[in-house]
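A.B. asks: Sharing the feature lines straight out of TrEMBL:
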TRANSMEM  6-25  transmembrane segment
TRANSMEM  32-50  transmembrane segment
TRANSMEM  56-72  transmembrane segment
TRANSMEM  93-111  transmembrane segment
TRANSMEM  117-136  transmembrane segment
TRANSMEM  148-168  transmembrane segment
TRANSMEM  174-196  transmembrane segment
TRANSMEM  208-225  transmembrane segment
TRANSMEM  231-253  transmembrane segment
TRANSMEM  262-282  transmembrane segment
Amino acid sequence: MLDILVALIPAVMWGFLPIVSSKLGGKAQNQVLGTTFGALIFSIIAFFVVHPNTSFHILLIGFISGLFWSLGQMNQFIAFKSLGVSKTMPMSTGMQLVGTTLFGVFLFHEWSTTTKLILGITAIILIIVGVFLTSFGEKDEDNAQNNLIKGITTLIISTIGYVVYIVILRYFNIGGWEAILPQSMGMVMGALLLTIRHNQFNKYTLRNVLTGIMWGIGNLGLLIATPRVGVATSFSLSQMGIIFSTLGGIFLLGEKKTTRQIIFVCIGCLLVVAGGVFIGYARSQG
């Protein structure tokens with residue numbers, strides 16, 4: 001039971017992260033800067049407690065991974081402004097799941113068995129349908145179509161950042177503990193480069209350090225839970241975070257939606273989670 005609770009930490013932390021960040025306020029630049037500095041603080045503490053293996057190879061690849069994470073996170077924060085948290089998170093999660101899965105198939109030659117193939121194809125179908133449902137909008141909404149196009153374009157860039165952040169570590173066979181510090185250093189550098197034209201060091205940046213600590217706690221929970229409960233369970237439970245994000249966006253942030261939109265978003269959210277569960281079990285098959 002304790003192991004399952006630990007495995008739920010990423011879902012809770014990452015699920016509420018966009019809610020907390022939105023409540024703390026600031027522009028996307030403030031949010032990504034604060035988040036990365038918070039993550040760096042947490043990673044430094046974790047590094048000196050765990051003492052993972054380090055080498056120039058690990059430092060370099062981890063740093064590059066962090067650069068791409070900041071690209072993904074920055075554009076996700078921007079998408080929140082266009083689409084709202086309740087619409088952005090299911091779409092973003094779904095796009096990331098499809099992206100990492102396709103890399104897994106073509107780069108790492110996953111889905112080598114019939115069972116994996118069935119699970120994988122089913123997962124992608126569920127995710128695509130789920131993303132479509134979460135993007136549903138009423139026809140009479142002003143500027144809804146323009147915001148949707150802008151938001152999806154931003155999320156495509158975000159997805160590229162997130163997917164490279166994940167895939168590059170796997171390609172070079174670097175573990176999460178090993179990457180934790182150089183990755184956070186890359187995250188900070190990436191955030192600084194993305195916001196270099198603006199002076200974004202203000203009270204909102206400082207406030208959003210909290211979201212970085214939340215991200216670090218979620219990451220720590222995943223690293224601890226995976227060897228205890230397995231890849232399938234830990235990965236699947238981590239996807240539950242979009243339920244907190246979606247419902248939090250609607251009921252805590254007060255994002256306006258019609259009854260029909262709420263139904264569509266909730267169904268789409270559940271389908272994306274189901275797709276994530278299928279992918280998790282496909283990965284666990286021998």
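We count from 1, first residue shown onward.
Glycine residues also receive a Cβ, built from the backbone N, Cα and C atoms like all the rest.
I'd like to know what surrounds each of these features in this structure.
C.D. replies: Residues of the same chain lying 6 or more positions beyond the ends of the transmembrane segment (6-25) and with a Cβ under 8 Å from any Cβ of it are 31, 34-35, 76-77, 80, 85, 88-89, 204, 207-208, 210-211, 214-215, 217-222, 224-225, 228-229, 233-234, 237-245, 248-249, 252-253.
Taking Cβ pairs closer than 8 Å, the transmembrane segment (32-50) reaches residues 17, 21, 24, 26, 70, 73-74, 77, 177, 180-181, 183-185, 187-188, 190-192, 194-195, 200-201, 204-217, 219-220 in its own chain, all 6 or more past its ends.
The list of residues near the transmembrane segment (174-196) in space but at least 6 beyond its ends in sequence, with Cβ under 8 angstroms from a Cβ of it, reads 29, 32-33, 35-37, 39-40, 42-44, 46-47, 50, 52-54, 58-71, 73-74, 216, 219, 222-223.
Away from its own ends, the transmembrane segment (208-225) comes close to residues 3, 6-14, 16-17, 20-21, 24, 26, 30-31, 33-43, 46, 176-177, 180, 184, 233-234, 237-238, 241 of its chain (Cβ-Cβ under 8 Å, at least six residues beyond either end).
Residues 4, 7-8, 10-19, 22-23, 84-87, 89-90, 93, 97, 134, 218, 222, 225, 262, 265-266, 269-270, 272-273, 276-277, 279-281, 283-284 of the same chain lie 6 or more positions beyond the ends of the transmembrane segment (231-253) yet place their CB under 8 Å from a CB of it.
Cβ atoms under 8 Å from those of the transmembrane segment (262-282) belong to residues 86-87, 90, 93-94, 97, 101, 110-111, 115-116, 119-120, 122-127, 129-136, 231-236, 238-240, 242-243, 246-247, 250 of the same chain, restricted to positions at least 6 beyond its ends.
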